[in-house]
Amino acid sequence: VYAEGAARPTGGAAAIAMLIGPDAPIAFESKFRASYMSHVYDFYKPDLASEYPLVQKSFARLMFDDVVRNASSDEVAKEKLGPYTSLSSDESYQNRDLEKLLRLLSDELMHPQAAQQVAKSLYDAKVQPTTLIPKQVGNMYTASLYAAFASLIHNKHSTLTGNRVIMFSYGSGSTATMFSFRMREGQHPFTLSNIAKVMNVEEKLELRQEFPPEQFIESLKLMEHRYGGKDYVTSKDTTLLAPGTYYLTEVDSKYRRFYARKATACENGTTVANGH
(Lines of atoms letter the chains of each structure in order from A and count residues from 1; the text may use other names and numbers.)
(Lines give C-alpha, C1' and ligand atoms only; values in the text may rest on other atoms or scores of the structure.)
Protein backbone atom coordinates (compact mmCIF):
# COMPACT_ATOMS: atom_id res chain seq x y z
CA VAL A 1 0.00 0.00 0.00
CA TYR A 2 1.46 3.34 -1.03
CA ALA A 3 1.29 6.39 1.21
CA GLU A 4 -1.68 8.69 0.69
CA GLY A 5 -1.24 10.61 -2.54
CA ALA A 6 -1.03 10.23 -6.30
CA ALA A 7 0.72 6.84 -6.30
CA ARG A 8 -1.86 5.05 -4.15
CA PRO A 9 -4.53 4.50 -6.85
CA THR A 10 -2.00 2.76 -9.11
CA GLY A 11 -1.59 -0.22 -6.79
CA GLY A 12 -3.72 -3.34 -6.80
CA ALA A 13 -3.68 -6.33 -4.48
CA ALA A 14 -3.42 -9.98 -5.46
CA ALA A 15 -1.86 -13.32 -4.62
CA ILE A 16 -1.45 -16.49 -6.65
CA ALA A 17 -1.68 -20.12 -5.55
CA MET A 18 -1.12 -23.09 -7.84
CA LEU A 19 -1.46 -26.85 -7.46
CA ILE A 20 1.68 -28.56 -8.80
CA GLY A 21 1.58 -32.19 -9.94
CA PRO A 22 2.03 -34.71 -12.77
CA ASP A 23 -0.02 -34.85 -15.97
CA ALA A 24 -1.05 -31.22 -15.58
CA PRO A 25 -2.92 -29.38 -18.34
CA ILE A 26 -0.36 -26.56 -17.97
CA ALA A 27 3.09 -28.06 -18.53
CA PHE A 28 6.28 -26.11 -17.80
CA GLU A 29 8.80 -26.42 -20.63
CA SER A 30 12.16 -26.45 -18.87
CA LYS A 31 14.23 -26.16 -22.05
CA PHE A 32 12.64 -22.84 -23.01
CA ARG A 33 13.62 -20.40 -20.29
CA ALA A 34 16.05 -17.56 -19.70
CA SER A 35 16.79 -14.96 -17.03
CA TYR A 36 18.72 -11.71 -17.05
CA MET A 37 19.78 -9.57 -14.11
CA SER A 38 21.67 -6.30 -13.89
CA HIS A 39 22.61 -4.47 -10.70
CA VAL A 40 21.07 -1.11 -11.47
CA TYR A 41 18.33 1.08 -10.05
CA ASP A 42 15.51 0.62 -12.50
CA PHE A 43 12.27 0.68 -10.56
CA TYR A 44 9.59 1.70 -13.01
CA LYS A 45 8.99 -1.21 -15.32
CA PRO A 46 5.76 -3.12 -15.93
CA ASP A 47 5.21 -6.64 -14.67
CA LEU A 48 2.41 -7.87 -16.83
CA ALA A 49 2.17 -11.09 -18.72
CA SER A 50 1.91 -12.51 -22.12
CA GLU A 51 0.16 -15.08 -24.10
CA TYR A 52 1.70 -16.29 -27.31
CA PRO A 53 3.97 -13.21 -27.40
CA LEU A 54 4.61 -10.57 -24.73
CA VAL A 55 3.41 -7.35 -23.21
CA GLN A 56 2.78 -4.17 -25.16
CA LYS A 57 6.28 -2.66 -25.40
CA SER A 58 7.99 -6.04 -25.50
CA PHE A 59 5.70 -7.07 -28.34
CA ALA A 60 6.94 -4.08 -30.36
CA ARG A 61 10.53 -5.17 -29.69
CA LEU A 62 9.65 -8.70 -30.75
CA MET A 63 8.35 -7.30 -34.03
CA PHE A 64 11.74 -5.67 -34.58
CA ASP A 65 13.60 -8.91 -33.81
CA ASP A 66 11.43 -10.73 -36.37
CA VAL A 67 12.30 -8.12 -39.00
CA VAL A 68 16.02 -8.46 -38.19
CA ARG A 69 15.80 -12.25 -38.61
CA ASN A 70 13.77 -11.84 -41.81
CA ALA A 71 11.00 -13.80 -40.07
CA SER A 72 8.29 -11.16 -40.35
CA SER A 73 5.50 -11.22 -42.93
CA ASP A 74 4.23 -7.78 -41.88
CA GLU A 75 5.11 -5.43 -44.75
CA VAL A 76 4.38 -2.26 -42.76
CA ALA A 77 6.62 -3.40 -39.91
CA LYS A 78 9.40 -4.28 -42.37
CA GLU A 79 9.13 -0.87 -44.03
CA LYS A 80 9.25 1.06 -40.75
CA LEU A 81 11.86 -1.06 -38.96
CA GLY A 82 14.00 -2.11 -41.91
CA PRO A 83 16.39 0.88 -41.75
CA TYR A 84 17.51 -0.21 -38.27
CA THR A 85 18.26 -3.85 -39.02
CA SER A 86 21.96 -3.19 -39.65
CA LEU A 87 22.46 -2.11 -36.03
CA SER A 88 24.22 -4.50 -33.69
CA SER A 89 22.22 -5.84 -30.75
CA ASP A 90 23.83 -3.39 -28.31
CA GLU A 91 23.43 -0.49 -30.73
CA SER A 92 19.73 -1.27 -31.18
CA TYR A 93 19.14 -0.88 -27.44
CA GLN A 94 20.93 2.48 -27.40
CA ASN A 95 19.46 3.98 -30.56
CA ARG A 96 17.06 6.77 -29.60
CA ASP A 97 15.30 6.89 -32.96
CA LEU A 98 14.55 3.15 -32.82
CA GLU A 99 13.39 3.49 -29.23
CA LYS A 100 10.97 6.25 -30.22
CA LEU A 101 9.70 4.20 -33.14
CA LEU A 102 9.12 1.12 -30.97
CA ARG A 103 7.30 3.29 -28.43
CA LEU A 104 5.14 4.66 -31.24
CA LEU A 105 4.39 1.15 -32.47
CA SER A 106 3.45 -0.02 -28.98
CA ASP A 107 1.13 2.98 -28.60
CA GLU A 108 -0.46 2.20 -31.95
CA LEU A 109 -1.09 -1.35 -30.78
CA MET A 110 -3.01 -0.02 -27.81
CA HIS A 111 -4.94 2.88 -29.33
CA PRO A 112 -7.35 2.22 -32.23
CA GLN A 113 -7.33 5.92 -33.18
CA ALA A 114 -3.65 5.77 -34.12
CA ALA A 115 -2.86 6.48 -37.74
CA GLN A 116 -0.87 3.32 -38.44
CA GLN A 117 -2.22 0.04 -37.06
CA VAL A 118 1.07 -1.87 -37.17
CA ALA A 119 0.38 -5.48 -36.20
CA LYS A 120 -2.66 -4.47 -34.19
CA SER A 121 -4.48 -7.60 -35.33
CA LEU A 122 -1.63 -9.70 -33.95
CA TYR A 123 -1.73 -7.82 -30.68
CA ASP A 124 -5.50 -8.24 -30.40
CA ALA A 125 -5.25 -11.97 -31.03
CA LYS A 126 -2.20 -12.80 -28.96
CA VAL A 127 -1.84 -10.25 -26.15
CA GLN A 128 -5.17 -8.51 -25.56
CA PRO A 129 -6.85 -11.65 -24.09
CA THR A 130 -4.32 -11.53 -21.22
CA THR A 131 -5.17 -7.98 -20.14
CA LEU A 132 -8.62 -8.43 -18.56
CA ILE A 133 -7.67 -8.82 -14.88
CA PRO A 134 -4.64 -6.48 -14.92
CA LYS A 135 -6.80 -3.71 -16.39
CA GLN A 136 -9.61 -4.30 -13.92
CA VAL A 137 -7.54 -4.78 -10.74
CA GLY A 138 -4.46 -2.63 -11.34
CA ASN A 139 -0.78 -3.27 -10.78
CA MET A 140 -0.28 -6.42 -8.69
CA TYR A 141 3.51 -6.66 -8.95
CA THR A 142 4.58 -10.32 -8.63
CA ALA A 143 1.06 -11.65 -9.16
CA SER A 144 0.56 -9.60 -12.34
CA LEU A 145 2.10 -12.26 -14.54
CA TYR A 146 -0.31 -14.92 -13.34
CA ALA A 147 -3.31 -12.59 -13.28
CA ALA A 148 -2.71 -12.10 -16.99
CA PHE A 149 -2.31 -15.86 -17.45
CA ALA A 150 -5.62 -16.39 -15.62
CA SER A 151 -7.17 -13.85 -18.00
CA LEU A 152 -5.92 -15.86 -20.95
CA ILE A 153 -7.39 -19.11 -19.59
CA HIS A 154 -10.67 -17.34 -18.91
CA ASN A 155 -10.87 -15.91 -22.43
CA LYS A 156 -9.33 -18.70 -24.52
CA HIS A 157 -9.58 -21.98 -22.56
CA SER A 158 -11.53 -23.73 -25.31
CA THR A 159 -8.80 -23.15 -27.93
CA LEU A 160 -5.56 -23.32 -25.91
CA THR A 161 -4.90 -27.07 -26.08
CA GLY A 162 -1.68 -27.73 -27.97
CA ASN A 163 -0.56 -24.09 -27.88
CA ARG A 164 2.50 -22.60 -26.26
CA VAL A 165 2.23 -19.64 -23.88
CA ILE A 166 5.26 -17.40 -23.35
CA MET A 167 5.51 -15.93 -19.86
CA PHE A 168 7.64 -12.82 -19.48
CA SER A 169 8.13 -10.83 -16.30
CA TYR A 170 10.47 -7.95 -15.71
CA GLY A 171 10.79 -5.27 -13.08
CA SER A 172 12.91 -3.55 -10.45
CA GLY A 173 16.69 -3.83 -10.67
CA SER A 174 16.58 -4.65 -14.40
CA THR A 175 15.67 -8.27 -13.81
CA ALA A 176 13.78 -10.32 -16.37
CA THR A 177 12.71 -13.92 -16.77
CA MET A 178 11.08 -15.63 -19.72
CA PHE A 179 9.71 -19.17 -19.73
CA SER A 180 7.02 -21.13 -21.50
CA PHE A 181 4.04 -23.37 -20.87
CA ARG A 182 2.61 -26.02 -23.17
CA MET A 183 -1.14 -26.30 -22.83
CA ARG A 184 -2.70 -29.78 -22.72
CA GLU A 185 -6.23 -31.12 -22.57
CA GLY A 186 -5.82 -32.74 -19.13
CA GLN A 187 -8.33 -34.91 -17.31
CA HIS A 188 -11.27 -33.75 -15.22
CA PRO A 189 -11.19 -31.95 -12.86
CA PHE A 190 -7.78 -30.77 -14.09
CA THR A 191 -8.81 -29.45 -17.47
CA LEU A 192 -8.47 -25.94 -18.84
CA SER A 193 -12.24 -25.58 -19.13
CA ASN A 194 -12.76 -26.60 -15.50
CA ILE A 195 -9.97 -24.32 -14.32
CA ALA A 196 -11.76 -21.47 -16.09
CA LYS A 197 -15.06 -22.51 -14.50
CA VAL A 198 -13.61 -22.68 -10.99
CA MET A 199 -11.79 -19.34 -11.34
CA ASN A 200 -15.10 -17.78 -12.37
CA VAL A 201 -13.28 -14.58 -13.32
CA GLU A 202 -16.13 -12.61 -14.89
CA GLU A 203 -18.59 -13.17 -12.04
CA LYS A 204 -15.98 -12.38 -9.40
CA LEU A 205 -15.13 -9.09 -11.10
CA GLU A 206 -18.82 -8.21 -11.23
CA LEU A 207 -19.22 -8.98 -7.51
CA ARG A 208 -16.73 -6.32 -6.47
CA GLN A 209 -18.05 -3.59 -4.22
CA GLU A 210 -17.57 0.10 -5.00
CA PHE A 211 -16.47 2.43 -2.21
CA PRO A 212 -15.73 6.16 -2.18
CA PRO A 213 -12.05 7.13 -1.77
CA GLU A 214 -12.77 8.58 1.67
CA GLN A 215 -13.90 5.18 2.99
CA PHE A 216 -10.83 3.53 1.50
CA ILE A 217 -8.58 6.05 3.26
CA GLU A 218 -10.31 5.42 6.59
CA SER A 219 -9.92 1.65 6.17
CA LEU A 220 -6.20 2.05 5.58
CA LYS A 221 -5.85 4.32 8.60
CA LEU A 222 -7.51 1.64 10.73
CA MET A 223 -5.17 -0.99 9.29
CA GLU A 224 -2.14 1.17 10.10
CA HIS A 225 -3.43 1.75 13.63
CA ARG A 226 -4.02 -1.95 14.25
CA TYR A 227 -0.82 -3.18 12.57
CA GLY A 228 1.39 -4.92 15.13
CA GLY A 229 -1.22 -4.29 17.81
CA LYS A 230 -2.75 -6.67 20.33
CA ASP A 231 -5.73 -7.13 22.62
CA TYR A 232 -8.50 -6.09 20.23
CA VAL A 233 -11.60 -7.58 18.63
CA THR A 234 -12.65 -6.94 15.03
CA SER A 235 -16.12 -5.88 13.91
CA LYS A 236 -16.85 -9.39 12.54
CA ASP A 237 -18.86 -7.85 9.71
CA THR A 238 -18.84 -10.52 6.99
CA THR A 239 -21.47 -8.95 4.73
CA LEU A 240 -19.08 -8.40 1.83
CA LEU A 241 -17.06 -11.60 2.23
CA ALA A 242 -17.51 -14.50 -0.15
CA PRO A 243 -18.80 -17.79 1.34
CA GLY A 244 -15.96 -19.87 2.74
CA THR A 245 -13.71 -16.87 3.46
CA TYR A 246 -11.57 -16.97 6.60
CA TYR A 247 -11.45 -13.70 8.54
CA LEU A 248 -9.71 -12.32 11.63
CA THR A 249 -11.91 -12.07 14.74
CA GLU A 250 -9.48 -11.08 17.47
CA VAL A 251 -5.86 -10.62 18.54
CA ASP A 252 -5.39 -11.36 22.24
CA SER A 253 -2.95 -9.93 24.78
CA LYS A 254 -0.32 -12.52 23.75
CA TYR A 255 -0.57 -11.51 20.10
CA ARG A 256 -2.39 -14.74 19.23
CA ARG A 257 -4.64 -14.34 16.22
CA PHE A 258 -8.07 -16.00 16.01
CA TYR A 259 -10.08 -16.62 12.87
CA ALA A 260 -13.55 -17.70 11.84
CA ARG A 261 -14.91 -18.84 8.50
CA LYS A 262 -17.99 -17.53 6.77
CA ALA A 263 -20.50 -20.30 6.14
CA THR A 264 -20.80 -21.80 2.67
CA ALA A 265 -23.86 -22.83 0.73
CA CYS A 266 -24.87 -26.47 1.06
CA GLU A 267 -26.44 -28.69 -1.54
CA ASN A 268 -27.65 -32.13 -0.51
CA GLY A 269 -25.48 -31.96 2.55
CA THR A 270 -22.31 -31.31 0.54
CA THR A 271 -20.41 -28.10 1.11
CA VAL A 272 -19.98 -26.08 -2.04
CA ALA A 273 -17.01 -23.72 -2.14
CA ASN A 274 -15.11 -22.21 -5.04
CA GLY A 275 -16.91 -24.30 -7.64
CA HIS A 276 -16.35 -27.74 -6.03
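Note: Cβ is positioned from N, Cα and C throughout, glycine not excepted.
Just so you know, TrEMBL annotations are computer predictions that nobody has curated.
Noted in TrEMBL for the protein shown:
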type	residues	note
DOMAIN	1-25	domain 'Hydroxymethylglutaryl-coenzyme A synthase N-terminal'
DOMAIN	54-262	domain 'Hydroxymethylglutaryl-coenzyme A synthase C-terminal'
Folded-back contacts onto the domain 'Hydroxymethylglutaryl-coenzyme A synthase N-terminal' (1-25), same chain, C-beta under 8 angstroms, at least six residues removed: 137-140, 142-144, 146-147, 183-187, 190-192, 195, 217, 220, 223
Composition by DSSP (helix, strand, coil) of residues within the domain 'Hydroxymethylglutaryl-coenzyme A synthase N-terminal' (1-25): 3 helix, 1 strand, 21 coil
Mean of pLDDT values spanning the domain 'Hydroxymethylglutaryl-coenzyme A synthase N-terminal' (1-25): 83
